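Written below as structure tokens is the structure these notes are about.
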Amino acid sequence: MKRIAAFFLIVASLSLNTLPAGAAKEASVWPKGPSISAKSAIVMEASTGLILYEKNIHKKNYPASTTKLMTTLLALENSSMDDIVTFSRDSVFNIERGSSHIGIDVGEKLTMENSLYGIMLASANEVSYAVAEHISGSVDEFANLMNKRAKELGCQNTNFINPHGLFDEKHYTSAYDLALISKELLKYDSFREITSTTNYVIPPTNIQKQSRPIYNHHKMVRNTSYHYDGAFGGKTGFTQLARYNLATFASRDNMDLICIIMNEDNGQAQYTDTKKLLDFGFSNYTAYKITDNENAKAFEDLSLFSKFNNLFDTENLPLKISNKGIIILPNSVELSETERSINYNDSSNLNEGINVIGNVTYEFDGKLVGTADILYDNSATVKLQKASITYDDGLTIKDHIEKNQKVFVIGGIVFVFLFIGSLYYFLVEKPRRKYRKLYRSRRRYPKKSFDHDFTDL
């Protein structure tokens, strides 16, 4: 691991030298958003967390059924889709009469998957209650889990009392906190599939012999007059005291936007305000996929071996940049104006396969505008890509080796014979000649009898 770290730091330092450090522009480069009637609102880019628009984003508001975003997140994190949720008497009768429900009976059973469709599409309060009991045993314990998870996500103005959002003066959150919860939710493909569904049928259960067709309450997802191209999900929420609250997720041009509207007085305005904000985000910001745009910053390839790509087989490099990373910038800002940092996780615990060992981040004007994971695949093998290295004559190493293969073979054989001959001479022949010379010398000059009376001087 130390060798990986050392190599990584060397390559990182080389990589950093290739990017011109852009001086931060004045704040005026950030586009000014539209005027809206909602008391609080935010537009956040889902991958980077960059805030594109804000209005009273930290103000505490009653969230109504947008609470169910956190309920769904905890269900995805703490259960499996084939879990069986059994409905208690409390879950069926401890909800406000006339509030959103799908008519579940006491003792009825639904899979967790069907339960989440009931929560996200039909905003079913009894289903939210039952899911809370299934995960934590009681609503109170589930509320504790909700608040614990909210703090982990960075929420600062949130306190949940129940899993469905029916009014309680101590039950509140902010537009910013709801955006953070949504950002985490969008990491789940299963959630994206559920929230983008317009119509769904809950099949017959152990008690209900008829299927239950439900539909998505979010009018920007369905084919209505409020339909928005690119909108793929969200959550509605309304009580008399909370007023209208709306979370909307939309995707265009490699950019996923989260739009949160809170405390809107008018049901129609929640959609018109959302449209204004989404149009603003998509029209004034551009998403650059990191793996497609690093070439503009003096990289031949996006792997951290880019300085040595002419030497290595790039299809099998162990260090790479994740292809999911993007950079979000105002239209008037160039990629070259961002400042890049490479961060390495000093950990010796590497699992077999692909490991996240760090990240590369991009900042502009002091704001994080892009990030991508650095991946290390310890099952990958680094191979010299001989065919890609060429000489002045246009031939590759492989061509030269094939052309001169006979010379290499003959030269190798000659070298082996010379080496063996040298060993034979120094270890066998030279000592033998020495002894022969000594033997001849003794025969020519025999030793006299008085030689022992003298000492050698």
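Positions of Cβ are set from backbone N, Cα and C atoms, glycine also.
TrEMBL does not curate its annotations; it predicts them automatically.
The model shown is predicted, which means the values in this text are computed figures rather than measured ones.
If you look up TrEMBL, you'll see 1-23 marked as signal peptide. Marked as domain 'Peptidase S11 D-alanyl-D-alanine carboxypeptidase A N-terminal' by TrEMBL: 32-265. Annotation comment: TrEMBL describes SER65 as active site, acyl-ester intermediate. TrEMBL lists LYS68 with the feature active site, proton acceptor. Annotation source TrEMBL lists active site at SER123. According to TrEMBL, the feature substrate binding site maps to LYS235. What TrEMBL lists as transmembrane segment is 407-427.
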Three-state secondary structure of LYS68 (active site, proton acceptor) from DSSP?
helix
Just to verify a number: CA distance, SER123 (active site) to the residue listed as 'active site, acyl-ester intermediate', in angstrom, no decimals.
7
Would you count the other CB atoms within 10 A of the CB of the residue listed as 'active site', including those on all shown protein chains?
27
Alpha-carbon distance [LYS235 (substrate binding site); SER65 (active site, acyl-ester intermediate)] in Å:
7
Distance from the residue listed as 'active site, proton acceptor' back to LYS235 (substrate binding site), taken between C-alpha atoms, in Å:
8
Averaging the per-residue pLDDT over the domain 'Peptidase S11 D-alanyl-D-alanine carboxypeptidase A N-terminal' (32-265), what integer do you get?
98
Sequence gap of 6 or more, Cβ distance under 8 Å: name the residues on the same chain that satisfy this around the residue listed as 'active site, proton acceptor', in order along the sequence.
ILE119, MET120, SER123, SER128, PRO163, HIS164, GLY165, LYS235, GLY237
